[in-house]
Amino acid sequence: MSDYKSTLNLPETGFPMRGDLAKREPGMLARWTDDDLYGIIRAAKKGKKTFILHDGPPYANGSIHIGHSVNKILKDIIVKSKGLSGYDSPYVPGWDCHGLPIELKVEQEYGKPGEKFTAAEFRAKCREYAATQVDGQRKDFIRLGVLGDWSHPYLTMDFKTEANIIRALGKIIGNGHLHKGAKPVHWCVDCRSALAEAEVEYYDKTSPSIDVAFQAVDQDALKAKFAVSNVNGPISLVIWTTTPWTLPANRAISIAPDFDYALVQIDGQAVILAKDLVESVMQRIGVTDYTILGTVKGAELELLRFTHPFMGFDVPAILGDHVTLDAGTGAVHTAPGHGPDDYVIGQKYGLETANPVGPDGTYLPGTYPTLDGVNVFKANDIVVALLQEKGALLHVEKMQHSYPCCWRHKTPIIFRATPQWFVSMDQKGLRAQSLKEIKGVQWIPDWGQARIESMVANRPDWCISRQRTWGVPMSLFVHKDTEELHPRTLELMEEVAKRVEVDGIQAWWDLDAKEILGDEADQYVKVPDTLDVWFDSGSTHFSVVDVRPEFAGHAADMYLEGSDQHRGWFMSSLMISTAMKGKAPYRQVLTHGFTVDGQGRKMSKSIGNTVSPQDVMNKLGADILRLWVASTDYTGEMAVSDEILKRAADSYRRIRNTARFLLANLNGFDPAKDMVKPEEMVVLDRWAVGCAKAAQEDILKAYEAYDFHEVVQRLMRFCSVEMGSFYLDIIKDRQYTAKADSVARRSCQTALYHIAEALVRWMAPILSFTADEVWGYLPGEREKYVFTGEWYEGLFGLADSEAMNDAFWDELLKVRGEVNKVIEQARADKKVGGSLEAAVTLYAEPELAAKLTALGDELRFVLLTSGATVADYHDAPADAQQSEVLKGLKVALSKAEGEKCPRCWHYTQDVGKVAEHAEICGRCVSNVAGDGEKRKFA
């Protein structure tokens, strides 16, 4: 028997079947670095329209976690897809390098500044620590396949950036947005510093809930207000609070002007309460026998005075909109030094902003004899005992409630009035302008707009000063007596900024005021405060984007971060940009959800459900991680687990196998010589290229909309359904058995070439390593890297006016599906082995029959059977299978007649008819020794 294997065009490629990504990717990365791939892309894209995604700086502390990976991969997908869409899209990664977490790490190792090290040495240690953290994180980000200017990232601790942060503050001062005030701010007693809103988390805490009576100073005036004469015992206004420790700072009692307040007689005294809360208060304090003596509107009680239970002074009743009937008594204990609402109303009434608490959370000397030096959280019991002793405590109970805590220490924080610097939301219209700017930004998903609008509408002034060592100095001089800013503040700040640009922030602390103030130095003091780190990162639109040459003066198009950044980086950037320039720093803002485990639980080391990106890359490869990110809807929580990653690896294999099939069957194809013109191609091949064209339209639209899970779904559908289960299956016969250089085969290879050129580009933003690998095996002259090019423009499709148009092939797909069902049943019944052992008769209604007949003898190639005939629907025998999908089709199957050709495996009756090739069929003889078969349709 002759060996005809050598006459077949069997697939062949060096592109490996297995990805082995974990082993192969590092080598590719090394090549990208050695070649300076990022630089090559920049050179290729020079002069094109720009798209700038400005990197929100991660904090330079600790290893990267799965959330970091999601963030950087999403950014990289966008930057690469924009490059393929014809944009110059430079990506400059950055790091946030100042602030408390780094100080704490350095403190743990070396002690606090001033103990073993000077503050200057401490800052140097912080700078050193941040630099090592940046290096560690950078390696992991690069390993993810993220392309960017990793050799020249921006760091908020770069001297030039530090100088520009000072300049940003100068512009804000110049525009009139800064003010100073003793104002209650979130204060962590462990950090001994004010905290930004974004540094506050809420946890459940148990506190004492107390009802306290403040006795009226003028009892008769109150009787007159309520129009009563007989009252048994003293009259008191009752407040309710869960922070007894703040009572020493009480300076008023707030009531609502429009609520009805009742004078209620209880045993031996009368109490004033909001009328709607009388019943619940009586239940709480355990009183069943009470009488309402009279009611008045809250407004009637304004400025009546009540005696503080133990501080020895009296306080006024004042009117406030913040009073509610949700809980309590309808009268709110008001301590302007310990709460933002209290502060605002205190300003209105000219109350003292008293703060009897030191930075360490203990009462200052002279507060009250039994409280001086006591930690405020240990003082609650002392205050309760004091109230009991004075007969002012009506009720106490334990209550669990949500309480603000320090994000770093997880310990409860306090509101504490301290002298701080603020960016005012309203004194120069910053709030109104910011709300206007928000409307001009595209928020993705669109609910982000309402979220940030409500935050801006309701936020307090931004406290930008911190009492820290490792941070950008505010660089201000204030007058010793008046505490006013120096009249030449902007000039002086520029002078400081120039020095910082040369020597870093230490230049401020080393600066002798005389050097720039001359004789005035004795009248002014240097402000020791540093800037909130959110000011550092929030000013990068100015300190980085406006100054980096690759951005060439273009504003950022996009900011992309996790959904917690509405109150973090998106907010601080909006505030600073609007305060400086009157406009938002971004055109689009995209947010992604947090990662959760397969059961939807938050990632937590204590539960042990974290997924380490390093482990995933070492086991499965970065492309699997990238595919998981792209295939997950980032607008909600993003679930990840070993099982979910395994599914991503399965999807990856399907895409890789498709790419490998294309490459293997392009063996021996030179596009410069072997390409067949579209009009001369086999119709099915043109249909396949048309499928790729339709897929490309969908995929590009999805990339444009940042809808990456749609990109992956469409890519999978193309690979698995349109190619894998239909086209690639059908063409194997023609591809392997036709004459190597025949139009029948070259037409097929032309289609595969166009499809491969398109597919490799669709993959590139997501499966960057694999796309680079595929690119290296594609035939024809090309640039060295897929990333320097643009989407493939060589695709074409069938015209709707053609008889065998897309709709024709869609129907053929359905027919083939119905035939497959019949073949599967016959295999199950052991009537046939493979589909080529079958011959089918398609009994069809006239319209469908005409379409099927048009394919002539080539119908069998579409159906993968050895025989296929078309007959009238009404002639179908009883055992013909009625199609459920196509009502006008029945399918009958019989065993194919003739012998099996060992070369093409088809069963035909002409095997052995040619003496010289006695073992093969006539079609194979033609392909081996003759002119080769002609194919027109399939």
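Counting begins at 1 with the first residue displayed.
Using N, Cα and C of the backbone, Cβ positions are placed for all residues, glycine too.
Fair warning: this is a prediction, and the values are worked out from it, not measured in the lab.
Among the residue ranges 2-6, 357-361, 482-486, 602-606, the one that Swiss-Prot annotates as motif ''KMSKS' region' is 602-606. Looking up the ranges 58-68, 113-123, 740-750 in Swiss-Prot, the one annotated as motif ''HIGH' region' turns out to be 58-68. Here the motif ''KMSKS' region' (602-606) has, by DSSP, the following mix of helix, strand and coil residues: 0 helix, 1 strand, 4 coil. K605 (ATP binding site) is 38 Å away from K183 (N6-acetyllysine) when you measure Cα to Cα. Under 8 Å, Cβ to Cβ, and six or more positions away along its own chain, C924 (Zn(2+) binding site) finds Y4, T737, C901, R903, C904, H917.
A gap of 67 Å separates the Cα atoms of C921 (Zn(2+) binding site) and K605 (ATP binding site). Reduced to three states, the DSSP call for C901 (Zn(2+) binding site) is coil.
Non-local contacts of E561 (L-isoleucyl-5'-AMP binding site) by the CB criterion (under 8 A, 6+ apart in sequence, same chain) comprise G56, N71, G568, W569, F570, T591, H592. Assigned with DSSP, the residues of the motif ''HIGH' region' (58-68) fall into helix, strand and coil as follows: 3 helix, 1 strand, 7 coil.
Put plainly, the recorded positions K183, K605 were compared by Cβ crowding within 10 Å, and the winner is K183.
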